[in-house]
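Participant: Handing you this structure, nothing more for now.
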Amino acid sequence: MSTNNSVLVLKVGGALLQCEMGMARLMDTAAAMLANGQQVLMVHGGGCLVDEQLAANGMETVKLEGLRVTPPEQMPIIAGALAGTSNKILQGAATKAGIVSVGMSLADGNTVSAKIKDERLGLVGEVTPKDGTYLKFILEQGWMPICSSIAMMDDGQMLNVNADQAATALAKLVGGKLVLLSDVSGVLDGKGQLIHSLNGKQIADLVKQGVIEKGMKVKVEAALEVAQWMGQAVQVASWRDASQLIALAKGEAVGTQIQP
C-alpha cells in the first residue's frame, strides 16, 4: 500500500489531558509540523476523564484484557467524556497553540464502519476504514482533525472504541504514518528499560512472558497491525519527553519501533 508521508497520525492517551504542560508542548510541536506543510491528524482517548465521570455517577469501571467494558447505561457518560469534554480540552490546547482544528468523532463523515467487537464487552466497537473524503478535505485545508473514539453503527447505536484501535483504522484510511503517544517512553522490558525495536515474534514472546500486558498489549497489537498493513514501522513513544517530540517533528525515529 502506498503511504502518504505528509499525514502523521498522532494518537494521544487520556493521561495527557491531566497535564497542561504536556498538552501545550505537544500542540506546539504539532503547530510547527503544520507550519512546515506536514498534515497532522490527532486521535485521542480519555480514560481518566471517563473514570471520573463514571465514579461521579456512582458507576464502576470494569476492564477485560485491557479493554473497557461498556454497559448500555454507561454509554451516554462515556460519549460525553470522550466526544465532549476530552475532545474540547484538546481543541482548546490546539487553539491556544495557533492551530485551526476540527473536533470530530469516528461517527462523522462516514469515515469508518463500526460493529460490536465482543458481546462480553458490551457496547465496545470494532471499526474498519470506510470513506476518507471528509478527513482528507480537512487535512488539505491545513487544519488538524482531533478525533474522539466514539463510533456509530448503521442503526445509530453509539459504540466506545479503544483509541489505539481507532487510530489504527484512521491511519489505514489516510495511508498515514502512525505514532502512538502515551505517558511512557515506549515499550519497556522486564527491567523497565526501553526496547528500541520489536517485531511480531518478539511481541508474541513478551506477551507470553507477561512483560507486555493489558493496555500496552492492546497498543502494541494495534501498532503491529498498521505496521504490517503499511509495510513500515509504527512508533510507540511519549508525549512527556520533549526531546522525543523534537525528534518526531524532524521525522526521526523515537520510542519503540514496531516493525512489520
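Any Cβ shown, glycine's included, is placed from N, Cα and C.
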Participant: Report the candidate from Arg68, Arg120 that shares the substrate site with Gly46, Gly47, Asn160, as recorded in Swiss-Prot.
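Facilitator: According to Swiss-Prot, the candidate sharing the substrate site with Gly46, Gly47, Asn160 is Arg68.
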Participant: Given the substrate binding site residues Gly46, Gly47, Arg68, Asn160 in the record, what is the largest Cα to Cα distance, rounded to whole Å?
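Facilitator: Per the listed residues, the maximum Cα distance equals 12 Å.
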Participant: What's the CA-CA gap between Gly46 (substrate binding site) and Lys11 (site 'Transition state stabilizer') in angstrom, rounded?
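Facilitator: About 11 Å separates the two Cα atoms.
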Participant: How many whole Å apart are the CA atoms of Arg68 (substrate binding site) and Lys219 (site 'Transition state stabilizer')?
Facilitator: 14
